[in-house]
Amino acid sequence: MAVSRIKELFSDSVVYGLSSVVARFINYLLVPFYTMYFNPAEYGIVGLVYAAIMFLGVLYTFGMESAYIRYAKGSDTDDKKVFVTLQLSLLAVASVLGALLYFAGKPLLLPLMSLDFDGGARLFVLMLSILWLDSLTIVPYAHLRIVRQSWVYAVIKLLNVLINVSLNLYLVIVQGWGIEAIFISNIIASGSAVLLLIIACRHMYAGKPELAVLKTALIFGLPYVPNGIGFAINEVIDRFFLVRMDEAAIEAIYGHPYTADEITGIYNACYKIAVFMLLGVQMFRLAWQPFFMRYAEAKDSSDLFGAVFFYFNLACGAIFLTVGIFAKQIVALQVPVLGGTLIDSRYWSGLEIVPYLLLAYWFQGWFINFSAGIFIKDQTLKFPRITLYGAVITLGGNIILVPYFGMVGSAVATLLCYGFMSMLAYGYAQKYYPVNYPLKSVIFIMLSMVGLVFLSAIHVILPVQELFWKIILFGTGTLLLLAVLLRFRSNAL
């Protein structure tokens, strides 16, 4: 039955998601910690380094995660062959690419990442070490998802984060280190994850590598490289535009003489609020890829995937409604251990970007849903085209909007990008693998939730208390979601 299979997807999403949610939450506690111990310029460098890690990580992994998920058949012998082949190729590429970046890439990358200062080259080496270690975790993590060892996956993820956070606190507070502590902590945590994954997947290393397997994997996986770069552009390129804003333009937009570094810091901090939607999408993605491959040939796959899309949007609607309306209250929550708020009040001027980013990640979830048909029918060469259009929109949007709208301009560019990419993915997917998506219900959910969130901002012109007005809107949205759910379930009977 479709219901039992949707419950299976939900169960896997919860297990993968709990590890991601807890991990992100623990990491999230480092935000007030970092802003307490590091000045905005230092925190900006950290953000730029991790932005570079996101870009370069696409090259280090070159689509092998998706290739393994596609070609691991559940046969122990065949899977071992694929596992070892891809793992060795990742090791080789990571080693060669790291050497090239170190010896040939430094003159270009150090200034681009604002690392052209004493000690910057050392941070660059630490970054390359993180990339090398993380590339060795890609296939083992994918294997754990394929064989549904979700609890092993979750435990390793959580241990990775706990080691990382503990070392951050120790090295900065006790030892008094600077921002290098962040990257050294990451290296030790990533190294620990590599060792744990070797233990968890030790039987898979008995396979023999085959060139034919690598060739097939490259044909399938390489189209994901421009796709990954495009997503990296969509996620982090805005920081590079904001950090180069003219100070006169900043003062004209915000009426305050912020520096470009401060604007980037404020944007980075408020971007964290959208992590609630990102987590929901990430939870879904981790369970979704193995799920749709299992049921791609089922007779009722069209109705099944359509039902999954509906429930996914119901969940996203609830997240958008809650976070979008109560963003101001969420950032003001006290963090007992650190003695401050979730995000310091100095950063609250950027909260206006939150609804746009929440909606952008919602559309990213649409893209992930629609990509199933493209994936199943081996039409992955369509992904680079979709991503190219998305990257052009992101770059163009930032170029046009940031000088006039600052942080909101970057957020809107991200929204336009993901919205367009999801529509393009829908067109391709329906051509190759038609699915009965309940679009009317889903569009109603999205439009009604967006309307309620933006209505929450007009409390300033109404003779009502802000929190009371928001509670009314939240209650209205909750009732609407329940009504849509009941209607969908009655039609499905």
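Cβ from N, Cα, C; glycine included.
Curation plays no part in TrEMBL annotations; they are all automatic predictions.
According to TrEMBL, the transmembrane segment annotation covers 43-62 (among others). Among residues of the same chain six or more beyond the transmembrane segment (43-62), those with a C-beta under 8 A of the stretch's C-beta atoms are 34-35, 90, 93-94, 97, 101, 109, 112-115, 123, 127, 130-132, 134-135, 138, 179, 182-183, 218, 221-222, 224-225, 228-229, 232-233, 235-237, 239-240, 243, 261, 264-265, 268.
TrEMBL lists 123-144 (among others) with the feature transmembrane segment.
What TrEMBL lists as transmembrane segment is 151-173 (among others).
Annotation comment: TrEMBL describes 179-200 (among others) as transmembrane segment. Residues 34, 38, 42-43, 45-46, 49, 119, 122-123, 126-127, 129-130, 133-134, 136-137, 140-141, 144, 149, 152, 156-157, 159-161, 163-165, 167-168, 171-172 of the same chain lie 6+ residues outside the transmembrane segment (179-200) yet bring a C-beta within less than 8 angstroms of a C-beta in it.
What TrEMBL records for 212-233 (among others) is transmembrane segment. Tertiary neighbourhood of the transmembrane segment (212-233): same-chain residues 51, 54-55, 57-59, 61-68, 70-71, 81-82, 85-86, 89, 378, 380-381, 383-384, 386-388, 390-391, 394-395, selected by CB-CB distance under 8 Å and a gap of 6+ residues from either end.
Annotated transmembrane segment per TrEMBL: 266-288 (among others), in sequence order. For the transmembrane segment (266-288), the residues of the chain that approach it from at least six positions outside its boundaries are 9, 12-14, 16-17, 20-21, 24, 28, 31, 35, 43-44, 47, 145, 238-239, 242, 258, 308, 312, 315-316, 319-320, 322-323, 327, 330-331, 343-344, 346-351, 353-354, 357-358, 360-362, 364-365, 368-369, 372, 407, 410, judged by C-beta separation under 8 angstroms.
According to TrEMBL, the feature transmembrane segment maps to 308-333 (among others).
Positions annotated as transmembrane segment by TrEMBL: 353-376 (among others). Residues 66, 70, 267, 270-271, 273-274, 276-278, 280-281, 284-285, 288-289, 292-293, 296, 305, 308-309, 312-313, 316, 319-320, 323-324, 327, 382-383, 407-408, 410-412, 414-415, 417-419, 421-422, 425-426, 428-430, 432-435, 446, 450, 453-454 of the same chain sit 6 or more residues outside the transmembrane segment (353-376) yet have a Cβ under 8 Å from a Cβ within it.
Long-range contacts of the transmembrane segment (388-405) within its own chain (CB-CB distance under 8 A, at least 6 residues past either end) are made by residues 226, 229-230, 233-234, 237-238, 241-242, 245-246, 249, 253, 412-414, 416-418, 420-421, 424. The annotation transmembrane segment is assigned in TrEMBL to 388-405 (among others).
Residues or ranges marked as transmembrane segment in TrEMBL: 411-429 (among others).
Under the heading transmembrane segment, TrEMBL lists 441-462 (among others).
What TrEMBL records for 468-488 (among others) is transmembrane segment.
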Selected stretch (most C-beta pairs under 8 A with the transmembrane segment (468-488)) from 123-144, 308-333, 411-429, 441-462: 441-462
Contact set, same chain, for the transmembrane segment (411-429): CB under 8 Å, 6 or more residues outside the stretch: 234, 238, 353, 356-357, 359-361, 363-364, 366-367, 370-374, 379, 382, 385-387, 389-391, 393-394, 396-398, 401-402, 405, 435, 437
